Amino acid sequence: MRANCSSSSACPANSSEEELPGGLEVHGNLELVFTVVSTVMMGLLMFSLGCSVEIQKLWWHIRRPWGIAVGLLCQFGLMPFTAYLLAISFSLKPVQAIAVLIMGCCPGGTISNIFTFWVDGDMDLSISMTTCSTVAALGMMPLCIYLYTWSWSLQQNLTIPYQNIGITLVCLTVPVAFGVYVNYRWPKQSKIILKIGAVVGGLLLLVVAVAGVVLAKGSWNSDITLLTISFIFPLIGHVTGFLLALFTHQSWQRCRTISLETGAQNIQMCITMLQLSFTAEHLIKMLSFPLAYGLFQLIHGFLIIAAYQTYKRRLKHKHGKKNSDCIQVGHTRKSTSSKETNAFLEVNEEGAVTPGPPEPVDCHRALESIGHITSCE
């Protein structure tokens, strides 16, 4: 089973295939790590993140799906096109080009929901986009792959992991539904669950990333080209997604959400599709790319979160200092005004206590005093 091409610069027809190793050193626990652990992680994370979803806001996004439409355009418009351009620009080999393209055609992953929470994004939009992109992947993945590989003349059929997509939908919608219900019935407890779930989710992502890299060390190769693409591909997704959201006049909160949703792909779905479509000798040239992509998208996400949290703290400190200065100035003015008012009252009290017939009031002097107090206030 060999993926050959005839009329694409990404897959030169005259290039000879290198001698492939006879076996692929993939540990037996690799599939267990990326299926069982990630499935449990997805369920727990989506339950905790579902505790931040409000039914009214979620229904509003469904009734007016402008933000969802922009996200889907980024997910199945910009990302596959970017993958195709990268494959052509770097003159990748056939199997490598297919791996990059499949990654670009995958829907958004749940990791984007965690990143969205930590950058104060729109959680309702984030979960809606993840769900809708996973549903749309049933038809958009084969369509995008067909359109972009049409000129490559593939001699083998690619297997779309419909079962994996179905499992992803179940693990996404059911926990979110429970989380929404908990947020509706017990809003105070849901905030605690949300904070704990966000922290635990970040730790689980690190564990899965490290375990995946260690268990699949036999799948890594020294191809610097694939590593370079796996590094810049998520960044391009984040930047182009943010710019498109900004161009369509989305709010800053939605821009951050759409940006993270665009750059974060479903790594497990890409790996499953590669394993179903290619033999072990081809996988040794392909499996390193989704693993590297997943690692770099984690690094990029954590850097984005760190930059945003730093900016948020500085902005909060700046506003806090400004408010304290305003309060201090207000107290100073109030103290000065109180002293002057007390002095004026003391003068009036002395005049009121003095016995004897009433003296003529100096109206000019009284008006000056009143005018002085008014000016101070």
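Glycine is no exception: its Cβ is also placed from the backbone N, Cα and C atoms.
The structure displayed is predicted, hence computed values, not measured ones.
Among the features that TrEMBL reports, region 'Disordered' is placed at 1-20.
Look at TrEMBL and you will find 1-15 tagged as compositional bias 'Low complexity'.
Summarising the annotation, TrEMBL assigns transmembrane segment to 32-53 (among others).
Listed as Cβ neighbours of the transmembrane segment (65-92) (distance under 8 Å, sequence separation of 6 or more from its ends, same chain) are residues 8-12, 100-101, 103-105, 107-108, 122, 125, 128-129, 132-133, 136, 140, 144, 147-148, 225-226, 228-229, 232-233, 236-237, 240-241, 244-245, 248, 250, 254, 257-258, 261-262, 265. The transmembrane segment annotation in TrEMBL covers 65-92 (among others).
Long-range contacts of the transmembrane segment (98-119) within the same chain: residues 3, 42, 45-46, 49, 52, 71, 75-76, 79-84, 86-87, 92, 126-127, 129-130, 133-134, 136-137, 140-141, 144-145, 148-149, 154, 158, 165, 168, 172, 194, 198, 201-202, 205, 226, 229, 233, 256-257, 260-270, 273-274, 285-287, 289-290, 293, 297-298, 301, 304-305, 308-309, each at least 6 residues beyond the stretch ends and with a Cβ under 8 Å from a Cβ of the stretch. Annotation source TrEMBL lists transmembrane segment at 98-119 (among others).
Long-range neighbours of the transmembrane segment (131-150) within the same chain, counting only residues 6 or more positions beyond its ends whose Cβ lies under 8 Å from a Cβ of the stretch, are 65, 68, 71-72, 75-76, 80, 83-84, 98, 101-102, 104-108, 158, 160, 162, 165, 168-169, 172-173, 176, 261, 266, 269. Residues annotated as transmembrane segment in TrEMBL: 131-150 (among others).
Taken from TrEMBL, the feature transmembrane segment covers 162-184 (among others).
What TrEMBL records for 196-218 (among others) is transmembrane segment.
Positions annotated as transmembrane segment by TrEMBL: 224-247 (among others).
The transmembrane segment annotation in TrEMBL covers 290-311 (among others).
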